[in-house]
Amino acid sequence: MTKSAGQRLCVQIILFSGCFLASLTYQEISMSAAIGLYDEGNILFGARRVMDGDLIHRDFYSNYGPGQFYTLAALFKLFSPSVLVERLWDGFTRSLSVAIIFLIVARSTRSIRSGLWTAAACMVWFEFFGFYGYPVFPALAAVLTGLLCLLPVLNARRPVWSLLAAGACIGVGFLFRYDIGIFTAAVMAALLGLHAAIQPASARQRVRNIVRCVGLFSAGFASVAVPLIVAFILHGAMGDLVLDIVTYPSKYYYTTRSLPFPGLRQVAHDPFAGVVYLPLLLATTASATLAFGHRNRQNHDEGSAAGAGLGVQIVLIALTLLYFAKGFVRVGAIQMSMAIITALVLTGVASARLEAQRGILRAGSLAALVLTICITLSLFASNVVEASHRFRTIVVDAARSIPGLPSQSLRISCSSLTGVQRFGCFSIDQDHLRTLEFLQAHTVPGEYLYVGLGRHDKILINDIALYFLADLRSATKWHQFDPGLQNSVEIQREMIDELKRNHPNYVVLESQWDNISEPNASAQSSGVVLLDDYIRHNFHLLATFGAISVLYRDRRP
């Protein structure tokens with residue numbers, strides 16, 4: 001390594017650390033204090049079940065990989081089971097992605113400025129997404145790290161470590177989200193094979209290069225993915241894995257969870273709803289620039305940094321389109337989050353060549369860049385306003401007790417992380433606070449509880465966070481509800497058998513989602529009321545807190 005190269009590396013390491021710390025600070029300051037009852041609760045309680053010795057898929061239903069649950073379980077054991085620990089881990093993964101994005105853009109374009117601006121934009125978007133604990137974000141960090149490892153390969157060099165490390169990184173993504181890992185690995189392997197095929201060499205050497213590149217990358221991926229599959233087989237979880245990841249999604253996910261793309265009227269009412277189209281716009285603009293700008297690249301040196309930049313653009317276009325298609329069923333900003341981030345990275349790499357473009361290509365690229373900047377600045381302004389409001393609220397309420405609770409307990413404090421107060425630093429509504437106080441007074445930690453809905457023939461979402469916050473165990477395998485599963489005859493019979501076997505004293509039913517419907521099949525009743533009948537015949541109402549009912553088991557001779 002030359003002296004100048006060493007200096008560049010030192011500068012990049014310093015700026016990498018700066019990007020990470022700046023993003024982590026921004027994420028933690030700007031995050032919402034509200035706890036997500038369904039999605040975030042699912043991650044929190046899934047990690048808690050892992051701590052108790054449960055095995056994902058076999059002992060509890062999940063449509064995610066084990067990565068997020070087992071990482072959080074380890075952190076909970078190291079520190080304490082709390083929302084704060086989960087939020088810090090979430091901020092860590094998002095900030096790691098921001099720092100890696102800086103390196104990808106800076107090394108692809110040899111422009112520190114482009115890397116910093118792109119990282120700053122992605123930092124704002126990561127906070128906009130919210131959805132704390134979402135396994136997509138550590139999976140995305142793994143994918144971006146894999147892309148960073150591939151830069152030497154895309155620069156016409158094929159070091160063994162780079163290909164193996166890239167495959168292993170995508171394998172880590174597989175641990176968090178099976179679909180992301182599998183589809184990303186397939187796309188990257190295909191692009192690596194294509195890249196090796198177009199390099200100047202004899203026909204026989206090209207075949208060897210293709211086999212070498214794809215083989216090493218696949219070996220890296222398999223080194224992470226295969227041991228997980230073997231572990232599932234050895235522990236008897238493969239059948240449950242297939243049900244959770246293949247059978248249920250293929251039968252019900254599209255019909256019960258799909259949401260349409262926002263129309264003009266919806267975008268006019270809520271402009272931020274239109275961000276789902278941004279990945280397609282940026283990918284199309286970059287594709288057109290690459291396709292029709294070939295004449296300007298005829299004298300291009302594939303061994304230069306620009307060559308790596310073009311290779312990165314092609315990979316990013318493919319990944320953006322892949323992740324856009326992945327979010328095509330349930331359309332929303334969070335479902336498009338991976339596509340939006342890869343599209344922003346793509347724009348950061350492509351913008352470094354903006355001066356070399358001419359005519360309509362330059363105008364189109366500039367328009368897309370300006371639009372992206374305007375949207376990002378709007379999101380940043382919105383984040384600042386919301387964060388300022390939350391800060392003022394915390395300052396005003398810092399010394400106040402939560403209304404309706406004993407004066408000696410339950411202040412909003414990051415130092416109280418046991419029992420009901422494990423939501424310290426964060427907030428939930430008054431009805432849930434009162435329910436938690438009731439459960440704490442009438443149960444012991446680790447006792448079985450069932451948290452369900454006012455009706456189980458129609459399912460949208462359910463409250464999973466209550467299990468975690470109350471430090472109680474789920475009386476069934478099915479703490480996470482999805483339409484098509486818990487409102488089916490087979491699953492309700494299984495749940496009833498578990499309720500009989502685990503014999504919970506208390507049942508909590510929440511009716512707040514009973515009359516909320518989405519424009520898909522989840523709005524329809526399955527007509528299955530076996531579970532409702534069982535609860536009605538074996539439990540009686542004990543207390544009510546708004547839409548939350550606490551029932552107690554009948555004591556029969």
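For all residues, glycine too, the Cβ spot is worked out from N, Cα and C.
Small disclaimer: the values here were computed from a predicted structure and weren't measured.
Feature annotation from TrEMBL assigns transmembrane segment to 136-153 (among others). For the transmembrane segment (136-153), the residues of the chain that approach it from at least six positions outside its boundaries are 67-68, 71, 90, 93-94, 96-97, 100-101, 103-104, 107-108, 126, 159, 162-163, 165-170, 172-173, 176-177, 180-181, 184, 188, 192, 195, 213, 308, 312, 315-316, 319, 337-338, 341, 345, judged by C-beta separation under 8 angstroms.
Counting same-chain residues at least six beyond the ends of the transmembrane segment (160-176), those with a Cβ under 8 angstroms from any Cβ of the stretch are 64-68, 135-136, 138-140, 142-143, 145-147, 149-153, 182, 184-185, 188, 192, 213, 216-225, 228. According to TrEMBL, the feature transmembrane segment maps to 160-176 (among others).
Remote same-chain partners of the transmembrane segment (182-198), defined as residues 6 or more beyond its termini with a Cβ less than 8 Å from a stretch Cβ, comprise 143, 146, 150, 153-154, 158, 163, 166-167, 170-171, 173-174, 206, 209-210, 212-214, 217-218, 221, 311, 314-315, 318-319, 322, 326. Per TrEMBL, transmembrane segment is recorded for 182-198 (among others).
Annotation source TrEMBL lists transmembrane segment at 210-234 (among others).
Listed as Cβ neighbours of the transmembrane segment (272-293) (distance under 8 Å, sequence separation of 6 or more from its ends, same chain) are residues 261-262, 266, 310, 313-314, 316-317, 320-321, 323-324, 327, 331-333, 335-336, 339-340, 342-344, 346-347, 350, 353, 356-357, 361, 364-365, 368, 371-372, 375, 379. Annotation source TrEMBL lists transmembrane segment at 272-293 (among others).
What TrEMBL records for 305-325 (among others) is transmembrane segment.
Taken from TrEMBL, the feature transmembrane segment covers 331-354 (among others).
Note on the transmembrane segment (366-385): residues 30, 121, 124-125, 127-128, 272, 275, 278, 281-282, 285, 344, 347, 351, 354 of its chain, located 6 or more positions outside it, place their CB under 8 angstroms from a CB of the stretch. Per TrEMBL, transmembrane segment is recorded for 366-385 (among others).
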